[in-house]
Amino acid sequence: MSARIMDGKALSRQVRAELGARVDRLRARTGHVPRLDVIVAAQDPASLAYVRMKRKWADEICIEGESYELTERTAQGEVIGLIERLNADPAVHGVLLQHPFPRQLNENAALLALGAAKDVDGITPQSLGRLVAGLPGFRCATPLGIVRLLEHYGIEAQGKRAVVIGRSVILGKPMALMLLEMNATVTVAHSKTVNLPDLCREADILVAAVGRAEMVKGDWIEPGAVVIDAGYNKVEGRAGDVGDVDFAGASKVAAWITPVPGGVGPMTVASLLSNAVDAAEAALG
Ligand code: NAP
């Protein structure tokens, strides 16, 4: 078997074209475009690169936004003051708190300060609580992008056995909850899970969200399974990013697979922008 590719790059392009049309209509109706502001650590090259990519795609569909850079000298009170100002500013529709913050800052306190109506990355305790409770709210961008990929390719989760490897607050946990919302039977694995390969072999849908290059091997995968690789890892001596799944091995047995790059990554950004457009439409009426 040779797995079919779930092309996140192509789907993201389509989503962004649709968002561009919504932004045009919003501007025609209200005279305003969405504004997504970003708070990011100035000393973190990976974060700055992600934010630049997000900014470029936002610019293409006329989503405006300011960037605020945190340094090693930024005080906690300054960040909270900034977030409170952005919460209160009606011109700002969404705020992205790019992880990680400089070490001296309490990131959880910053997340708690951000109003749920502007949490377009869906990562504050308020938004995550809404997900747990099944209430409307912004869903976390990466798992939301994965859900959109599954839906786009007509992959039914209902009644399926799903295994999510990873339990981070921004990825593994919300992914498990979203698969549960889709009526899958979900198991969450982590670094203390015993006999992970056998557990993975039980999965109809396997999501790898670990941060370990090519940890998931082809023989961990049930023939015909759907394999979603959320990992982005740097490997010395190899150009570009490497996923958590051994793509060559896995694509021989899986029915569907996401590539790295070009799978989950572009859909994360598309989902963030889509949440920002939703936020602007809700605020502008
Ligand atoms: P994280 O916070 O480091 O969490 C990693 C999770 O993997 C933890 O729950 C950890 O378990 C688990 N884990 C670590 N080693 C394991 C092992 N040997 N066996 C089983 N589980 C293991 O990472 P994250 O932020 O969720 O990110 C995960 C990956 O996704 C990274 O490669 C990251 O770059 C990527 N990512 C991609 C996107 C995107 O847009 N595509 C967005 C965010 C993140 P414990 O909880 O027990 O420590």
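Numbers run from 1 along the shown chain.
Just so you know, glycine gets a Cβ as well, placed from its N, Cα and C.
As recorded in TrEMBL, the features of this protein are as follows:
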BINDING   Gly166, Arg167, Ser168  NADP(+) binding site
DOMAIN    6-121  domain 'Tetrahydrofolate dehydrogenase/cyclohydrolase catalytic'
DOMAIN    141-282  domain 'Tetrahydrofolate dehydrogenase/cyclohydrolase NAD(P)-binding'
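A Cβ within 8 Å of the Cβ centre of Gly166, Arg167, Ser168, the residues given for NADP(+), is found for these other residues of the same chain: Val164, Ile165, Val169, Leu171, Gly172, Lys173, Val188, His190, Ala209, Val210. Across the domain 'Tetrahydrofolate dehydrogenase/cyclohydrolase NAD(P)-binding' (141-282), DSSP helix (H, G, I), strand (E, B) and coil residues number 56 helix, 26 strand, 60 coil. Long-range Cβ neighbours of Arg167 (NADP(+) binding site) (same chain, at least 6 residues apart, Cβ-Cβ under 8 Å): Lys173, Ala176, Val188, His190. The DSSP breakdown of the domain 'Tetrahydrofolate dehydrogenase/cyclohydrolase catalytic' (6-121) into helical (H, G, I), extended (E, B) and coil residues amounts to 62 helix, 16 strand, 38 coil. In sequence order, Gly172, Met175, Val188, Ala189, His190, Val207, Ala208, Ala209, Val210, Gly211, Ala230 are the residues of the chain that are 6 or more apart from Gly166 (NADP(+) binding site) and have a CB within less than 8 Å of its CB. Note: Ser168 (NADP(+) binding site) has non-local neighbours Ala209, i.e. same-chain residues 6+ apart with C-beta under 8 A of its own C-beta.
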